[in-house]
Amino acid sequence: MSTTSAINGNHYEQLHQGRTNMYKSKVNVVLGAQWGDEGKGKVVDMLASEVDIVCRCQGGNNAGHTVVANGTEFDFHLLPSGVVNEKCISVIGNGVVIHLPSLFDEVLKNEAKGLQQLENRLIISDRAHLVFDFHQQVDGMQEAEKGGKSLGTTKKGIGPAYSSKATRNGIRVGELLGDFNLFSEKFKSIVNTHLRLFPSIKVDVDAELARYKDYVDKVRPYVKDTICFLHTALRNGKTILVEGANAAMLDIDFGTYPYVTSSNCSIGGVLTGLGLPPQTIGEVIGVVKAYTTRVGDGPFPTEQLNEIGDLLQTRGFEIGVTTKRKRRCGWLDIPLLKYTSLVNGYTCICLTKLDILDTLPEIKVGVNYKRSNGEKLDHFPGTISELSDIEVEYAVLPGWQTSTEHIRNFKELPENAQNYVRFLESQLSVPVRWVGVGKGRESIINVH
């Protein structure tokens, strides 16, 4: 090797090492591994007591998280679940779309339950896009037009807001805090665009502008450049936790399209929704419910339209936090979990709501997908038509038929309950680190 090459090589190594060592801490991520409602909020609440910053990276108030802290039940839609920890900073990242009236309504409701000093603990990205009331009107109209082929949207305006973002006529939080005349011009322009496409929507432009002028001073204390804030925090060794909204099977790219949400709720959305490079990611925690649920329409291979589905729905109190709709229920689906693990790269799993299975004499787990001709699939179907042509092959495991609700040590769980957990581990080749057997954070068992 020439002297010049050696110098260049050493220079590269030094630069590479410098970049690698630039961050003194890692970002840990909590992601839903199914169709949402897995209990991510409770997991984040448990982990938030040990971190400095908790972030939301995508979605809007179409997501719903319930956290029980000190006997009080908090419902969050836009706020990260970490806000219940008063020592923690909560960040709403650039990938989130924000309906300001809903955000402040959520703040007031949770302050009434005891949440305090949010102004000092909540940061909103200046690059996050705004959801307006007309986005919500459009969402409802588009859903109604689909008739019997509706997608089951929450009608919160999330899809139309992301559409505005993609077509480059959306408005960001930072623009609201700048020159209000420019904001007004942009608002009138986006309203006119939507009126041309949807003439029946009702928008009082002057009233809306007056309302948003009032929001300027209310939202200003929360807003800053979250990208710079997070990178500075990592360089200073601050611990960061990201709370994914929705779940992998609702991802716009990897979910059961078109029965999906409008954002990337897999690992990629964490990076783009917060402005983080891949090397900052540490643990990726997949949250898996011990059975499967889904809100709204769309394919659901292991769904049980029988007494088992009814029992899971009743015992699990499967009602959507955001929609208040009953969730569809079915058995655990291994092919689905293998697929989302492939996409997200889970380093460990938190298995939730194991106690809901306590009364069952036997428990089925979907282990293979087969076509109607008997051929086994080695992949998760990419189209709805392909997915509708599959049959599920089940493994039957013995139940434990005793309450696990008050157990706090993994080795004290009934043997068959432990075997259920180990079966999931062996199928996915991913360790189960925690098991949930109740509502509160104290009901999460550390397996190891």
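Even glycines carry a Cβ here, placed using N, Cα and C.
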Per Swiss-Prot, member of Thr226, Thr232, Thr261, Thr340 binding IMP alongside Asp37, Glu38, Gly39, Lys40, Asn62, Ala63, Gly64, His65, Thr154, Arg168, Asn246, Arg325: Thr261
Nearest recorded site to Lys326 (substrate binding site) by CA-CA distance, among recorded positions Asp37, Asn246, Val437: Asp37
Whole-number Å value for how far Arg327 (substrate binding site) lies from Gly36 (GTP binding site) (Cα to Cα): 10
Residue pair Thr66 (GTP binding site), Arg327 (substrate binding site) - Cα distance, angstrom, rounded: 15
Lys42 (GTP binding site): tally of other CB atoms within 10 A of its CB: 27
Among Gly39, Lys42, Lys324, Arg327, Val437, which are recorded as binding-site residues, the nearest neighbour of Asn62 (IMP binding site) by Cα: Lys324
Entry from the binding-site residues list Gly36, Gly39 having the most other CB atoms no farther than 10 A: Gly36
DSSP three-state assignment for His65 (active site, proton donor): strand
